[in-house]
Ligand SMILES: Nc1nc2c(ncn2[C@@H]2O[C@H](COP(=O)(O)OP(=O)(O)OP(=O)(O)O)[C@@H](O)[C@H]2O)c(=O)[nH]1
Ligand SMILES: [Mg+2]
């Protein structure tokens, strides 16, 4: 899983985003509350290094709330603007619109000097596949204009949508980066359902999940996995005939949050 992995449409998206950069005032970077660092696309940082950024911690309903608060404190400590949102329900979306307007107003001082309040805001949504960009876009425009489903790689084009007369948002295809430096990053991306399933070994992913749950969520680990902290241990106890299929089923259950609110990474780990 640390090997080369980068579908052509992602390279194309990066190229198109670089071309469109001049039309973009602000990057709204979606990250997953369950794995906020692993779900940041560092690969796009170089494209947007000189643009204002707002981090949106999405899918907070699926993460453990105590850990989510630790992450918010950590990002704020680093001077980053971060908002907790639930794109599916629309929670926190209005605050993001306001913060985006204020951030762009600060960067377009000329408008402010002229006393103009309704400055044009052109924001782009950025994030790994399946993180909730199109769901959030639909919330922004209050209509189901973009297709959003629990499946990575759905959006394939960069498209502008109008939020109001002075606010436009660009929906973009989900992007990963060419190589995962740490295998754990890949396991987390798989557990977020952000990568095609043929790319990863399901048994390595479940091994990672079981050890994380045993360490951080002993109650759920006992309830669902008999406190096993490795896949081998679990297989020895349960003796499934088809271990690959069982691993895939556990990953699917995790996608559907059947094991409760589980975070996958912690600050200063
Ligand atoms: N539980 C929960 N699910 C969410 C949230 N936001 C989005 N989703 C779900 O996540 C799935 C993916 O959403 P999309 O909006 O299609 O994701 P995307 O980032 O546009 O995906 P690509 O177009 O593949 O890059 C959908 O099933 C959404 O309903 C959230 O805050 N909480
Ligand atoms: Mg999409």
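A Cβ is built for glycine as well, from the same backbone N, Cα and C atoms used for every other residue.
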Co-listed GTP-binding residue [TrEMBL; alongside 58, 59, 60, 61, 130, 131, 132, 133, 134, 135] among 8, 174, 186: 174
Fewest-neighbour residue among binding-site residues, criterion Cβ within 10 Å, set 132, 174: 132
Site extent for GTP, whole Å (max Cα pair distance, 58, 59, 60, 61, 130, 131, 132, 133, 134, 135, 174): 21
Residue 134 (GTP binding site), number of other Cβ atoms within 10 Å: 24
For residue 130 (GTP binding site): DSSP state (helix, strand, coil): coil
